[in-house]
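Asker: Before I ask anything, here is the structure I am working with.
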């Protein structure tokens, strides 16, 4: 350290000693922070390893897969692992560096195990264990009733859960078969899971007697939700996640019941790091995208290499229409996990919106070779054919996606879009309504319904659906523009409301640059020349900044030239007229006429104003 000038030798020694002490304290603090950080990660890692085994043993495979992905997403201690052990983790680090909004200097203490890891009570009887192994084998082979039959006399909590879960899935399988038999693969049907009544009765009794474990509570909550008892289902699922927080399936079912922020805030959840994953996902479904992003950035401190978190960040950015960032994240995800199909349909939507033919073609070919009968793969291929204008083929693939998963929301919405392109509005309306039935908070489906009714010349209905969509997604300029255009129709012709909508579109970053031009035109129609000139000027500045030419620029220049001439601002009007002389259409002659009129007016002869000349 170099002390300030003028220090004596003794003072220099004291200064150096203090500096060294501070440096030692800083190094010690940094070391403690890192040790604490690695300790937190070790706790999460230990909990997830235990959870993966327990979830897999109960055939909750999707929850087990989710937990395993988060386990690998935790950064390894470089002191213990070589680079070969972290090969899977290399990919997402560049995304983290590029898109971190707030650099987190320490590992978030999101849950650091405020809840101790409960080890579920296992069945110790050797005979019970043998029966359980047989039942699990049948379950894995999708022979659900055989699995339930094997465990009919077993009383352990683990065996009871697997038996009830097998019966639930057997009922779901039969319900799907009945629906196909009665209405076809995409038809509506009143078929129900016939096992729900008996399962509710049994699981309710077990809960009252205190003979149910967290996994049984999860299943009980799922049954209650299917039967429409949402309040009790919410209570039971909260009990489940508070007792055993590592079952992501339970959190997902609980999230589906949180349709408002009030419901979410009313939940009495224990503090655990899994709660942060739940809140981040719930915020996203409630369209609180910035809050969701903040939560995922927070979790990123511990789960630095989680592909799941990266995909969710991309999903939030997609909802905010930050397509450039979304594309970069998905490219990195594919480099890190080249056979990933999950969430790639969202990536295809981005490529479709950007009209990236080659990239979408490559993605469609890639998922086709990986797993062509996944619903996501079918949607990606459908998007590819839609971008090529082959709408019949596109419809075929979207319908195939729905045969594989009838509740696949994105496929219903995209199918509706294709029918709109094909001018088949009744089919489009049906597809959008099916999407709304699955998720009433899907603004795209409401927007699609508005478009369909607008095409049928029914603006009152269209306006109703556009209002629904804009309520759900008030930050999307396209929805405000659609509603404004509805107000402009001959049947409605409420121009003041249209102006309000266009103003909202401008405030929502109207990328298509429609709103400014329409605001200028509407103010012109209403005789408000000053307001019209203001918006024409703003629109002109934007077109110049984006280096765009076209009829909108000609219209803006003509209006501004005429307006400035009428206001006796001849120099400004001359600038606009001079620019119009570069065009070859009738606007060139109009500009010449305006220039002649201004020169006559400037000569000082009152009778020489251009308005006094015959056309």
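In case you wondered, yes, glycine gets a Cβ from its N, Cα and C as well.
Here the structure is a predicted model, which means the values were calculated and not measured.
Pasting the feature list from TrEMBL:
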- 44-314: domain 'Cdc23' (DOMAIN)
- 375-408: repeat 'TPR' (REPEAT)
- 409-442: repeat 'TPR' (REPEAT)
- 443-476: repeat 'TPR' (REPEAT)
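Show me how these features fit into the shown structure, please.
Answerer: Confidence across the domain 'Cdc23' (44-314), taken as the mean pLDDT and rounded to a whole number, stands at 84.
Counting same-chain residues at least six beyond the ends of the repeat 'TPR' (375-408), those with a Cβ under 8 angstroms from any Cβ of the stretch are 179, 185-186, 341-345, 348-349, 351-352, 355, 357, 360-361, 363-364, 367-368, 414-415, 417-419, 421-422, 438.
For the repeat 'TPR' (443-476), same-chain residues at least 6 beyond its ends with a Cβ under 8 Å from one of its own Cβ atoms are 287, 320-321, 409, 412-413, 416-417, 420, 423, 425, 428-429, 431-433, 435-436, 482-483, 485-487, 489, 491-492, 504, 508.
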Asker: Within the repeat 'TPR' (409-442), how many residues are helix, strand or coil going by DSSP?
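Answerer: Final tally across the stretch: 27 helix, 0 strand, 7 coil.
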